[in-house]
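Engineer: Below you will find the structure I want to go over with you.
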Amino acid sequence: MQKQRTILDFQRMKAEGEKIAVLTSYDFPMTGIMDACGIDMILVGDSVGVVVAGYDNTLPVTMEDMIYHTRAVMRARPKAFVVADLPFLSYQTDLKSARLNAGLLVKDGGAAAVKIEGGVNVEETITAITDMDIPVVGHIGLTPQSLHRMGGFKVQGKGEEQAEKLMADALAVERAGAFAVVLEGIPMSLAARITAELSIPTIGIGAGPHCDGQVLVIHDILGLCSKYSPKFVKRYAELAPLIGEACSNYIAEVKGGIFPEERHGFK
């Protein structure tokens, strides 16, 4: 049986060259399944707003949403290390709010750590939260909460100036005390440079194979989100047609008087 994961495991894994496997989860049953498979880290992402709630982006997600879904994940008692996203406006306005909301995700939600988007601009915020003994994961590159400033979901760090800015962001996140950093939507060569430069693990999503670990959205790898599939996603299953078939069969059996049978009732 897998032992409870801690931040010490991820430091060791980077040092030993063992890749870190991360998936998102937002509920009890999915968490139980992936934890039984040996997933290293679970991210309760604000991506829940897109793949579960149907928003166009993550901006509408609230602290209440994140606490609710983090609690659902933690009820599965995962051995994986659970990180919860701080949603938009929960940490950007002032340090007091950032500390309070990070604390709520740990105290009320049950998360072991929080994730914050940004680099140099959130260095002070990361330090303020880690000073409360709350572990922090950074997130640089394509940061979904900044989509309007970026002009949409576009690859970041392509030019030399942008690449150097992202390197500065990565170093700032490490300097501030984060124990890991997500690299999203950046060139593979830049991700390799950052990974080699940092002493903390890098978790890639659309950043190539040279990161210390990888994260994907569970709905994407299961083929549950058909309207949009990013280039960096690999679908390990196509569950949407299977779910559709099951629903169609149920409807047909109810309409045809086939279900329920006598064995499905009580005497």
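In case you wondered, yes, glycine gets a Cβ from its N, Cα and C as well.
According to Swiss-Prot, the protein carries these features:
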type	residues	note
BINDING	Asp46, Ser47, Asp85, Lys115	3-methyl-2-oxobutanoate binding site
BINDING	Asp46, Asp85, Glu117	Mg(2+) binding site
ACT_SITE	Glu184	active site, proton acceptor
Engineer: Using CB atoms and a 10 A radius, I'd like the single residue among the binding-site residues Asp85, Glu117 with the highest neighbour count.
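Structural biologist: Top count of Cβ atoms within 10 Å goes to Asp85.
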Engineer: Across all chains shown, how many C-beta atoms besides its own are within 10 angstroms of the C-beta of Lys115 (3-methyl-2-oxobutanoate binding site)?
Structural biologist: 25
Engineer: Would you mind sorting out which of Asp46, Ser47, Asp85 (the binding-site residues) have a C-alpha within 10 A of the one on Glu117 (Mg(2+) binding site)?
Structural biologist: Asp85
Engineer: Could you name the residues, excluding Asp46, Asp85, Glu117, of the same chain that surround the Mg(2+) site, i.e. Cβ within 8 Å of the Cβ centre of those residues, in sequence order?
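Structural biologist: Once Asp46, Asp85, Glu117 are set aside, the remaining close residues are Gly45, Ser47, Thr58, Val61, Leu86, Pro87, Phe88, Lys115, Ile116, His139, Pro144, Gln145.
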Engineer: Measuring CB to CB from Ser47 (3-methyl-2-oxobutanoate binding site), give everything in the same chain under 8 Å that is also at least six residues away in sequence.
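Structural biologist: In sequence order, the residues whose Cβ lies under 8 Å from that of Ser47 (3-methyl-2-oxobutanoate binding site) (at least 6 apart) are Thr24, Thr58, Asp85, Pro144, Val217.
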Engineer: Measuring Cα to Cα, tell me the gap between Lys115 (3-methyl-2-oxobutanoate binding site) and Glu184 (active site, proton acceptor) in whole angstrom.
Structural biologist: 13
Engineer: Mind telling me which of the recorded positions Asp46, Glu184 has the densest Cβ neighbourhood, counting other Cβ atoms within 10 Å?
Structural biologist: Asp46
Engineer: Looking only at C-alpha atoms, tell me how far the residue listed as 'active site, proton acceptor' is from Asp46 (3-methyl-2-oxobutanoate binding site), rounded to the nearest Å.
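Structural biologist: Checking the Cα atoms of the residue listed as 'active site, proton acceptor' and Asp46 (3-methyl-2-oxobutanoate binding site) gives a distance of 15 Å.
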